[in-house]
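My structure is below; once you've seen it, I'll send some questions.
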Amino acid sequence: MDGVTVINHPLVQHKLTFMRRKETSTAGFRRLLREISTLLCYEVTRDLELTVETIETPMVEMEAPVLEGKKLVFASILRAGNGLLEGMLDLVPSARVSHVGVYRDHETLQAVEYYFKAPESLSERLVIVVDPMLATGNSSIAAVDKLKERGAVNLRFVCLLAAPEGIKNFREAHPDVHVYTAAIDSHLNEHGYIVPGLGDAGDRMYGTK
């Protein structure tokens, strides 16, 4: 599918299966989400630019590659996006962080924005937007809209699960933003939830209803 990468790594798929199971505990779900996020981060950042600095090993001085972390921003769509954010920051602790507060109105299924905070100079940074679910796509579209309004031009979107409807809507709204996902599920139900899915990621992560 154009503009979409499905990450089929065996460890990702194995852990995703355990996250889908309805009997998985809140603690287990949260742990698995953090573990998967590190694997997704590995894939989505494989082409990040490196710079060189001079270091001393126990043997000699050498020129060695290091990541330009200050050029990277992780943008979490609250609240469930924080589950992906934590694992990614484990790998790139020097990255900047943005939070976009958007929730889906359960009656209209439209996105409602309530919070936004981002680093300066977004136009100079790669912005990786994270949210476990790409369902209708409305919340993700709204979040990327806001980031672009603040100057972001180089963005990627990372999720655990995506519905075909959400991918279609998101790609139509933001054809310049590549989507990375662990799986593309069958469809959305009448309530806008991904089927077979894994339920509400935020509720399962935080033990709420």
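Each Cβ is built from the backbone N, Cα and C atoms, and glycine gets one as well.
What Swiss-Prot shows for this protein is this:
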- Arg79, Arg104, Asp131, Pro132, Met133, Leu134, Ala135, Thr136, Gly137, Asn138, Ser139, Asp200: 5-phospho-alpha-D-ribose 1-diphosphate binding site (BINDING)
- Ile194, Gly199, Asp200, Ala201: uracil binding site (BINDING)
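Situate these features within the shown structure.
Look at Ala135 (5-phospho-alpha-D-ribose 1-diphosphate binding site): DSSP puts it in coil. Around the Cβ of Ala135 (5-phospho-alpha-D-ribose 1-diphosphate binding site), a 10 Å sphere holds 27 further Cβ atoms from the protein chains shown.
Long-range Cβ neighbours of Gly199 (uracil binding site) (same chain, at least 6 residues apart, Cβ-Cβ under 8 Å): Lys22, Tyr193.
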Quick one: of Met133, Ile194, Ala201, which of the binding-site residues has the smallest count of other CB atoms within 10 A?
Ala201
So for Asp200 (uracil binding site), how many other CB atoms are inside 10 Å of its CB?
15
Note down the number of other Cβ atoms within 10 Å of the Cβ of Arg79 (5-phospho-alpha-D-ribose 1-diphosphate binding site), including every protein chain shown.
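I count 18 other Cβ atoms within 10 Å of it.
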Where does Ala201 (uracil binding site) sit in DSSP terms: helix, strand, or coil?
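Where Ala201 (uracil binding site) sits, the three-state DSSP reduction gives helix.
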